[in-house]
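Copied over from TrEMBL, here are the features:
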DOMAIN    13-337  domain 'RNA 3'-terminal phosphate cyclase'
BINDING   GLN104, TYR294, LEU295, GLN296, ASP297, GLN298  ATP binding site
DOMAIN    185-285  domain 'RNA 3'-terminal phosphate cyclase insert'
ACT_SITE  HIS320  active site, tele-AMP-histidine intermediate
Amino acid sequence: MAGPRVEVDGSIMEGGGQILRVSTALSCLLGLPLRVQKIRAGRSTPGLRPQHLSGLEMIRDLCDGRLEGAEIGSTEITFTPEKIKGGIHTADTKTAGSVCLLMQVSMPCVLFAASPSELHLRGGTNAEMAPQIDYTVMVFKPIVEKFGFRFNCDIKTRGYYPKGGGEVIVRMSPVKQLNPINLIDRGCVTKIYGRAFVAGVLPFKVAKDMAAAAVRCIRKEIRDLYVNIQPVQEPKEQAFGNGNGIIIIAETSTGCLFAGSSLGKRGVNADKVGIEAAEMLLANLRHGGTVDEYLQDQLIVFMALANGVSRIKTGPVTLHTQTAIHFAEQIAKAKFIVKKSEDEEDASKDTYIIECQGIGMTNPNL
């Protein structure tokens with residue numbers, strides 16, 4: 001099964017955990033042995049962190065692969081994948097490491113498993129430097145399902161920085177192939193809604209203040225839509241630790257979804273958290289794309305695997321997206337073209353079309 005080893009330099013471009021996620025997922029899917037060197041070389045704490053390690057171990061377990069060099073602080077790993085199998089798999093970051101990033105690395109793999117999978121992911125559900133679980137469920141899920149599969153995401157417990165302690169169960173069945181997607185027509189914004197949450201010892205007033213500040217901020221720019229942001233007190237038994245945050249979603253007439261989100265930190269007032277999320281959403285609505293800046297890179301691996309040509313329209317192409325494209329081309333041999341949008345209405349904006357000729361990955365088990 002094993003062909004020549006794919007060599008990846010973990011210090012280029014995004015230079016962090018994302019290179020690891022994209023390259024190990026593709027290596028697992030394509031049955032290509034992999035070596036990643038200089039892992040997170042430029043970061044303040046170089047090498048593997050606990051969340052990267054738990055992601056690698058999960059991919060190894062998904063396919064009964066061999067993993068060498070996988071310990072905290074290691075800057076080089078080798079991975080030899082075998083056949084992807086379904087069933088129940090658990091990954092625990094043991095920290096506030098993001099369950100959403102664990103999902104990002106494992107989901108493409110289990111789509112091409114031999115049987116249905118159930119992933120038990122433990123760590124932070126609403127953590128910094130990663131999508132919040134609400135983003136994953138409210139934005140990522142409906143869009144990624146356009147590739148022709150469904151998944152179920154059950155939030156058992158929410159976990160926050162620094163303790164983590166959240167748990168999410170993801171269930172999905174394998175597919176024969178992925179369909180390409182064509183997300184070019186943005187339509188107009190038809191509704192804006194969201195949730196502002198507090199968990200643990202934080203007073204409910206914080207949730208109400210975040211929501212109110214966000215609504216005020218959005219109203220300045222978008223006057224003709226009702227903005228419905230629900231303040232939520234997370235139930236004690238469904239949240240571990242203390243946290244607060246907000247996510248706001250804009251939905252368009254063509255089914256595009258955009259988000260702005262923010263998490264509270266000690267000493268940052270509630271209004272500021274709400275305004276930050278609102279401003280992020282408004283910025284994502286200005287560029288004329290059909291996906292927001294956080295969805296861009298999460299779709300690249302699926303586009304690379306799909307059977308046919310996929311197109312998405314985006315705002316400025318992020319470093320994460322450029323990185324995902326680079327490794328999808330290097331490892332999967334997919335072909336990407338990124339070009340400025342030629343639409344009249346996009347002329348004044350920084351809008352791009354990302355086009356991909358997918359490799360038409362076929363599930364050998366079905």
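Cβ coordinates are placed from backbone N, Cα and C, and glycine is handled just like the others.
Apart from the site residues GLN104, TYR294, LEU295, GLN296, ASP297, GLN298, the chain places the Cβ of PRO131, PHE140, VAL291, LEU299, ILE300, HIS320, THR321 no farther than 8 Å from the centroid of the site's Cβ atoms, the recorded ATP location.
Counted with DSSP, the domain 'RNA 3'-terminal phosphate cyclase insert' (185-285) comes out as 37 helix, 37 strand, 27 coil.
Listed in sequence order, ILE312, THR314, VAL317, THR318, HIS320, THR321, ILE354 are the same-chain residues at least 6 apart in sequence whose CB falls under 8 Å from the CB of GLN296 (ATP binding site). The Cβ neighbour count for GLN298 (ATP binding site), using a 10 Å radius over every protein chain in view, is 23.
Cβ contacts within 10 Å of ASP297 (ATP binding site), excluding its own Cβ and spanning all protein chains shown: 23.
If you average pLDDT over the domain 'RNA 3'-terminal phosphate cyclase insert' (185-285) in this model, you get 97. Annotation: LEU295 carries the greatest number of neighbouring Cβ atoms among the recorded positions LEU295, HIS320 [cut-off 10 Å, Cβ to Cβ].
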